[in-house]
Amino acid sequence: MRRGEVLKLGVVPYLEGKEIQLKAFEKVKKEETDGILILLQHKPVYTIGVSGGYDEDILVPIDYIKEKAELYKVERGGKITFHGPGQVVAYPIFNLAKWQKDVHLFVHNLEEAVIRLLREYGIIAGRKEKYTGVWVGDEKICAIGIAVKRWITWHGIALNVNTDLSYFGLINACGITEFGVTSMKKLGIEVEIEEVMDRLVDKFEEVFEIKFEEIDLTRLAVVDSAKA
């Protein structure tokens, strides 16, 4: 059985969350653990992946966007999306060498974990041909955008629990114009974020065949093997 660590946080500014990811990345790179799953919410932020640009898929003036939320260009795949309170963001920092060096399989498994989670709440979700993420009909409930370096993953998924969906109205989320977004709340499911996080950990353990130990931020200090 693979062994990993899970870190559950509250509402975190985007750049602070990125720094936490980088610390986790270094720990996984040193093979101190097979993977680290970071769970949090972000303060309102729009992020643009490597396929997007500032002039694409933003439906209002940039200055107005920046009044509503932070805006960053980031390393993950995909185009623009929104993160904010009421959304479970999961950053799996996994060494794919411990599984299979197959990015498509990794994304498939991320989707599978969310699909299984939503099924427990009576939400029938699935995949959509030609698109990533998890969908309920023609509306996306969970976005996926990852980056991989040295077969270690970072960035991740964003599941809309009770997110303010009006933020998505200012953009073409993920560059998609013909379909919309939804949330668990919009689908009639009222649930606490912490409960969703706990159940998502369970689904990650099932799908990725890994056992997590819960840690806090102090455990992300990377051991210098030269001094150990």
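From the backbone N, Cα and C atoms, a Cβ is placed for every residue, glycine too.
Over in Swiss-Prot, the protein carries these features:
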type: DOMAIN; residues: 31-212; note: domain 'BPL/LPL catalytic'
type: BINDING; residues: Arg76, Gly77, Gly78, Lys79, Ile80, Thr81, Phe82, His83, Ala143, Ile144, Gly145, Gly156, Ile157, Ala158; note: substrate binding site
type: SITE; residues: Lys140; note: site 'Lowers pKa of active site Cys'
type: ACT_SITE; residues: Cys174; note: active site, acyl-thioester intermediate
Taking the Cα atoms as reference points, how far is Ile80 (substrate binding site) from Lys140 (site 'Lowers pKa of active site Cys') in Å? 14
How big is the Cα-to-Cα gap, in Å, between Gly78 (substrate binding site) and Lys140 (site 'Lowers pKa of active site Cys')? 14
Length of the line joining the Cα atoms of Lys140 (site 'Lowers pKa of active site Cys') and Ile157 (substrate binding site), in Å: 12
Checking the spread of the substrate site as listed (Arg76, Gly77, Gly78, Lys79, Ile80, Thr81, Phe82, His83, Ala143, Ile144, Gly145, Gly156, Ile157, Ala158): what is the longest Cα-Cα distance, in whole Å? 15
Please report the number of other Cβ atoms within 10 Å of the Cβ of Phe82 (substrate binding site). 27
